[in-house]
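Per TrEMBL, the features are as follows:
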SIGNAL    1-26  signal peptide
DISULFID  C37-C117  disulfide bond
SITE      R64  site 'Transition state stabilizer'
BINDING   D69, V72, G74, D76, S78, E90  Ca(2+) 1 binding site
DISULFID  C70-C75  disulfide bond
DISULFID  C123-C318  disulfide bond
BINDING   P165  substrate binding site
BINDING   H195  heme b binding site
BINDING   T196, D242, T245, D250  Ca(2+) 2 binding site
DISULFID  C202-C227  disulfide bond
Amino acid sequence: MAASSSSFVAILTLSFFLAFSGSVNAQLSTTYYSKSCPKLFSTVQSTVQSAISKEARMGASLLRLFFHDCFVNGCDGSILLDDTSNFIGEKNAAPNRNSARGFDVIDNIKSAVEKVCPGVVSCADIVAIAARDSVVKLGGPNWNVKLGRRDARTASQAAANSRIPAPTSNLNQLVSSFSNVGLSTRDMVALSGAHTIGQARCTNFRARIYNETNIDSSFAQTRRSNCPRTTGSGDNNLAPLDIQTPTGFDNNYYKNLLQKKGLLHSDQQLFNGGSTDSIVRSYSNSQTSFNSDFVAAIIKMGDNKPLTGSNGEIRKNCRKRN
Ligand code: HEM
Ligand SMILES: *[C@@H]1O[C@H](CO)[C@@H](O)[C@H](O)[C@H]1NC(C)=O
């Protein structure tokens, strides 16, 4: 009797400790759906792979969705909600409008997942897995994705505008926007390596290629050919963020920065005589250290303020609240 009551106290103490140990993401786990949806990973992967086979850029677009989801009140699928006559979502916030893409692919993944395990997997978790599968498909590192997030019933266009960093940001602004979500300067530099894939619109790099001096002049010349100086019809013309291998996930992004060939003002801020130069140099020299820091940082980003327990919901359709 004495033994069983003291072990009861021990278990009680342990559960208290686990519940209040301070980690807001204590409930996320890489095996969260292993019983409830054993086919989850293969289902997501096959849809992501076929989308990327059709268009390699889609891998970049899916990775960016995860970033833009996580930076606005946690990774909660809020970016996926459509605007309606009585609901303002995040899709028309400045960083997303005419820019964020891949929503149809997320819908396709969700339909495929609903077929194998209806009502079980959140849209927020689908975005997290699709981002990982995209990086892997384009030649980058693999990692175990932590899962168990629930979907938001709210979204915030204002928070999307203020929390997602702008390409006009200077180094201090970049550091502080990442520190706002618990990410270090080193995490910020590693995550920026995502710009080793994907495209940007002329409107986001025009000022850099016409007006800045910390840019390679032949690179600027090349980019000017498809991005007219004056605002207007060329605004949505695209250029690769990584001039060397725009569909390969590698460390060429950092090598470009060493040569003043960062496409965005914010990219070149990471190597412009400041405190992050040494980190950029080290990633440019080592694919391995970039890969391992990128993985650590993206897992950390995914831990940002998840909805768990009875908060939020498991959406049926990623575009709408249930
Ligand atoms: C450091 C601050 C960052 C800034 C200022 C920034 C800004 C931008 C901008 C302006 C674009 C081009 C959008 C357009 O022209 O339509 C872009 C594209 C992209 N960003 Fe970032 N970004 C940042 C960090 C990140 C992070 C952390 C990730 C992911 C981990 C990421 C992933 C991407 C990808 C993959 C694309 C290409 C998307 C596509 O081709 O559809 N970015 N970013
Ligand atoms: C370059 O800078 C000048 C002077 O600030 C400004 O008037 C002009 O609009 C800028 N051009 C571009 C393409 O940003």
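The backbone N, Cα and C atoms fix where each Cβ goes, glycine too.
Nobody curates TrEMBL annotations by hand; they come from automatic prediction.
Shown on the structure are the features that TrEMBL records.
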residue	record	contacts (Cβ under 8 Å, 6+ apart)
C37	disulfide bond	V113, V116, C117, V120, V121
D69	Ca(2+) 1 binding site	C75, D76, G77, S78, I79, L80, A124, V127
C70	disulfide bond	V181, M301, G302, N304
V72	Ca(2+) 1 binding site	S78, I79, E90, A155, S156, A159, A160, R163, I164
D242	Ca(2+) 2 binding site	H195, T196, I197, N252, Y253, N256
T245	Ca(2+) 2 binding site	T196, N252
D250	Ca(2+) 2 binding site	G139, G140, T196, Q287
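Take the Cα of C123 (disulfide bond) and measure to each of the recorded positions R64, G74, C202, C227: the nearest one is G74. Candidate recorded positions: R64, G74, E90, C123, P165, C318. Those with a Cβ under 6 Å from ligand 1, in sequence order, are R64, P165. When Cβ atoms from all protein chains are considered, those within 10 Å of S78 (Ca(2+) 1 binding site) total 27, not counting its own. Shown in sequence order, H68, C70, F71, N73, C75, G77, I79, A124, A152, A155, S156, A160 are the same-chain residues outside D69, V72, G74, D76, S78, E90 whose Cβ sits within 8 Å of the Cβ centre of the Ca(2+) 1 site.
Taking the C-alpha positions, the distance from C202 (disulfide bond) to C318 (disulfide bond) comes to 30 Å.
Using a 10 Å Cβ-Cβ cutoff, D76 (Ca(2+) 1 binding site) registers 28 neighbours. Separating the Cα atoms of C227 (disulfide bond) and P165 (substrate binding site) is a whole-number distance of 22 Å. Counting only same-chain residues six or more apart in sequence, the Cβ atoms lying under 8 angstroms from the Cβ of R64 (site 'Transition state stabilizer') belong to A100, G102, A194, G198. Rounded to a whole number, the C-alpha distance linking the residue listed as 'substrate binding site' with G74 (Ca(2+) 1 binding site) is 15 angstrom. In the shown protein chains, 22 other C-beta atoms lie within 10 A of the C-beta of C202 (disulfide bond).
Long-range neighbours of G74 (Ca(2+) 1 binding site) (same chain, six or more residues apart, CB within less than 8 Å of its CB): R149, A152, N304, K305, P306, L307. Close to C318 (disulfide bond) in the fold, though at least 6 residues off in sequence, lie G77, L80, F103, I106, D107, K110, C123, I126, D151, each with a CB less than 8 Å from its CB. There are 27 other CB atoms within 10 A of the CB of E90 (Ca(2+) 1 binding site), with all protein chains counted.
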